[in-house]
Structure formats: structure tokens, C-alpha cells
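A.B. asks: First, the structure itself, so that you have it in front of you.
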């Protein structure tokens, strides 16, 4: 072999004519596996490999060997008063400053003989040749450090015999620059011109002036400028007419201040009433140890709605989750780049769930009958969750009035109280390290886990069995699948940091109330099976379990693929995905599951909910009520996300939609 493993060489990159510096990783015959600068590895034949040159040019090193020493200062040849010092005799490395500091030449008066003059001329001739070679090699080295724009054109277009250190260095720097550009943070905030910044934030600075720490993303602003305000934005000509600039400000202000989703302020007002009613009213059907719409009626006693003990327990439950989330236990993970930078999250949701299970087991072991109280108090807790959600959303709305502009939700900055209150003015509200959105999410998931666990324990306690066959397998499978869903969500909690809910959804009335009522909606099916003592055949249960885990695989694989791609699009598992580049630097995946559906994770979640609802399909809506609600929620979120992406990405999103036509399910939606 010409070269050995670990040797630094210069090799041709495939499909390129220039040589690059690399290190031999593996050698087999005349084939060498070379790792180039930047981490890329290629197989190169021995004919395309050259040994790495030394740090100094070969011309200079060879010349150094034959160059004679210059005559001493006392040489007669140096004493000629008429001879002027040759510029080439000065060392190229000597600076003008050192020349000025050198002692002045002395006047020499000794006579010069013919022989000494001859020998001096020979020495001088050899010295001048060596000096010229030295000067040329040194100048070539100096040119390596000079910018290509400063090198004369004649030298730049001169065709060299082979790759030089300078050409290799320039090519390497170009590749490094391209690599650094491609790996920049995708979700970085973009600065806006001063004129646009004044327009965009005018509606916020009318009431109170606040500084602009970080500019908001140019999502809505850029596209609106291109389509509405600047229809000829392909050119960069300035609008000189004052009337045109006034109309631009007016159009931009109207665009931002107008509610865009949920039917405007009137739709938001209706949803403020319908959301809690749609979740709380079905809970009444499960009062008095039954779960049926037959004989449905509202309780007449106010004690059935409000209970201070239940209210205090729910408040203590939320405070406990918030305090545990502040413990320095668990990984500290950076979230995605946002308008306010990277937020850090303490991933200890699974630890919180384990502590909650231990506390529940301790109360049950000590004889406090925690299972009976939990199942009996679900309706009261749903009322408490709604009240706490309203109070919390009001507090967050007031807090957002003192928050920096960069932390606000652009879709909830309309100035309309009802719409902004529904959407949430702030995306990630925090007090210190306490993140309200994460606490609400954990409260909903852990609450669902505890209620299902209480139902399982109660079912085992009330069953008189002599063997495992006497247990209600239908109830155990239904509750077990929901418990598995909760534990999976907490185990992959870090993957939710790149979700639509965490990154873009405002923390307002909608999110607060929905999260605090979520456990009571999703456990309706489990309580129905428990109270009605539903039994299903083993074959049907096995089929539904397979159906459930099929949806789970679609849900989890698509979520992990999206999370990995957003964190690092050039990771080994994401680099082979086919994507469409947007004008914002983001990439849209058009291969794998994301190449079949625009929201495969929503499809998987819908399949999981309907797998549990399919255990007992009859005329009682309570069994599949939660599946219907979750399906409607995910369908609306998909449409909302489609509208936002169309506004944000423009033509790139239209190209993506032409490639991936199905939103959730092919030929259906």
C-alpha cells in the first residue's frame, strides 16, 4: 500500500477536481476510506491521493539547502562605497520597523583588490539567486494569507500545475461556510426593518410602551407584505408616495387586529360557554353509581356542584405538580428556538407520575378509601377544574399585559378582549422556572392516569373471584390501554417540546380549561364499562388491542421522526428524508409517514381513541363520546395548522400540498 491508516493525505473528493485534506480511516488494496474535514467519508482510489505537503513550500526547503551563507559584514565586497544594498538581500521576514531600528551603515575606506572583487561578485551572484528563490517562495506563502480579491488578476487566472495549499484552504473554507449556513437554527427570530417594526407593533404601543428585546418571527408579516401590502414585492424599490405608505400601514394594522380563527370574537364567545358545558354535563350521567343517559337530570342541591374539600384537593394537586416540576431532578433540555430564545425544560413528568401513584397507594393502604373518593368526586372535580381554569386564564391575561412583546401570541394580539382571552395572549407564560403550560399538560395526563388506576383497584376490590378468570378483562384492557397512553406521553415528554401545542398555541382560556377537564372527558369510557359491567369476547378484545397498537405505532413513530428532524435535520435518521425548503429556512418532510399524510400523528391518536370506544358500540353515546370530541379537536387543529402554514410558507406549502394531498386519512379527509 502507498499509504497507511491514520495518515494525513490530500485526496480528490468524488465528482470534484480539487484535492482536499483528509485522514485515511481504512485501507483495502488500492481503495482507501478517507474522512475529509467536516466529517464526510468517501472511498478514493490510490491514484487520486497525494501525500500531505509540509507546512513550508518544497521550493523554499530545497533552496535553503544549497544557498550559501551571505558574506560577513567585514567582507571587502560589502565595503564598496559606490555599491548600494540590493533590495533582495533583505530578509523578507524583516519588517520595515526592524530596518529603521538597525544601525546606520558605516563608511568603509579599505581598498578593494581584483581577486577579492572577483570572489565577492561570485558570492553576490549566488546569493542573489538564492535570495530571489527565497523571495519568490516567501511571497507565495504571503499570498496564501491574502484575500483572493487582493491578488492580481494575472496571478489568479494563472493555471497551476496542481492543487496548492491555498486552493485547498479556500475550498475547505467554502465548504465550512456552506455547512455552517445549512446548519443554522431553523426557528431563529428574524429582524424587521424599522419602518415595518413600527407598523407591526403600533397596536401594542398605543397603551403602553415596551422595549423590543427580540423581533417576532416574520410569519404573518412577510407574507402579508408580499400579497396584500406589497403586491410587487419582487422588486426592492422604495415607495415614495405618502398616500401609498399610509395605506400600507392601514392594511397591516387591520390584518393584525382582525381575529383570524374560531369564527372571530363571536365564535370565541360561544366556545367559552360550550367547552366546559360539553365536558361537565356528561359527567352528571355517571352520578349515583351509574353511567347512563336514561333518567338524565341535573342535581338540585348546590352541594353536588361545589365542595370545598374537593376544591382544596384539586388545588393541592396542581400545586404539588408545580413544585415537583421545579425540583432539580431530571434532564434539563433546551426547547426549540423561539422569538424569546431557547427556553429550558426540566423533564421529570414521569417522576411526578410515580410520586402521585405512590401517594395514592399510601392513602389506599392506610384505609382512607382513596379509590371510592376519586370515583365519587369526578363531577365535583370537573366543576373545580373549570373554575380554576377560568381564574388562571384571567391571571395569565393580566400577566401578559406586563410581558415583553416578543413573548406574546401574534394570533391573540387583536385588542379584542374576548378573542384574546380565548386564545391566550402569551405562548409560554412563566414565573421564574415554573412553566404553566407544562404544568397544565402534566396535570391532565396524570389525572387521567390516577382515575383509571382507581377504577382498576375498585374493580378488583368489588369482585369476588377465586381465580383470575373472574376479573373483568374488558375493564382491565380498557383502563390498561389508557394507563399505557399516559405513561408513554410522560416517558416521551421531551418530544412534545417540538409540538404545535408547546411552540405555537397560546396559553389562555381554551388551553387552561381544556387541560384541567381533560382527565374527566377521556375516562368516560372506562367509567361506563365499570358501572355497566361491560364484557366483551376475547377475540374482539384482541382485535381492538391490535388496532390500538397499530395506531400507537403510527402516532409514536411519526412524532419521534418529526421531533428528531426539528432538533437536527442532518442527523443520521433524518438526513435521508425528502424535504421541501421554504423561504423561512424550514424544511417540510415529504417522505415516510409524513409523505402519506400531513398529520400522521393525528391519525394514530384517532385510531387509539376509537379502539377503546369500539369495545362497546351501542346507542349509549357515553362510550364513544370522548372519541368523538378528540376527533373533532384534532380535525380542527389540522385545519388550523393548514391555514397557518399556508400563510407562513406560501408557495412552498402549496407545493407540499400538491405532493401530500391527504390531511389525515386518504380519500376521507
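Going from the start of the chain as shown, residues are counted 1 onward.
The backbone N, Cα and C atoms fix where each Cβ goes, and this holds for glycine too.
Any TrEMBL annotation is an automated prediction that lacks curation.
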A.B. asks: May I ask you to indicate which of 231-251, 378-398, 399-419 is given in TrEMBL as transmembrane segment?
C.D. replies: 378-398
A.B. asks: Identify the transmembrane segment range according to TrEMBL, selecting from 169-187, 188-206, 207-225, 473-491.
C.D. replies: 473-491
A.B. asks: Under 8 angstroms, Cβ to Cβ: which one of 262-285, 347-366, 443-461, 537-557, 621-639 has the largest number of such pairs with the transmembrane segment (511-531)?
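C.D. replies: Selected stretch: 443-461, with the most Cβ pairs under 8 Å.
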A.B. asks: Check for me, if you would, whether the transmembrane segment (473-491) reaches the transmembrane segment (378-398) - at least 3 Cβ pairs under 8 Å, residues 6 or more apart in sequence.
C.D. replies: no
A.B. asks: Establish whether the number of Cβ pairs under 8 Å between the transmembrane segment (443-461) and the transmembrane segment (306-327) reaches at least three, counting only pairs separated by 6 or more residues.
C.D. replies: yes
A.B. asks: For the transmembrane segment (306-327), I need the partner stretch with the highest count of C-beta pairs below 8 angstroms, choosing only from 262-285, 347-366, 378-398, 621-639.
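C.D. replies: It is 378-398, which has the most Cβ pairs under 8 Å.
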A.B. asks: Between the transmembrane segment (347-366) and the transmembrane segment (621-639), do 3 or more CB pairs sit under 8 angstroms, pairs being 6 or more residues apart?
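C.D. replies: Since fewer than 3 Cβ pairs under 8 Å link them, the transmembrane segment (621-639) and the transmembrane segment (347-366) do not come into contact.
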A.B. asks: Report, as numbers and ranges, which residues of the same chain sit near the transmembrane segment (378-398): CB under 8 Å and 6 or more residues beyond its ends.
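C.D. replies: Sequence-remote neighbours of the transmembrane segment (378-398) are 276, 279-280, 283-284, 286-287, 304-307, 310-311, 313-315, 318, 420-421, 424-426, 429, 436, 451, 507-509, 512-513, 515-517, 520, 523, 527.
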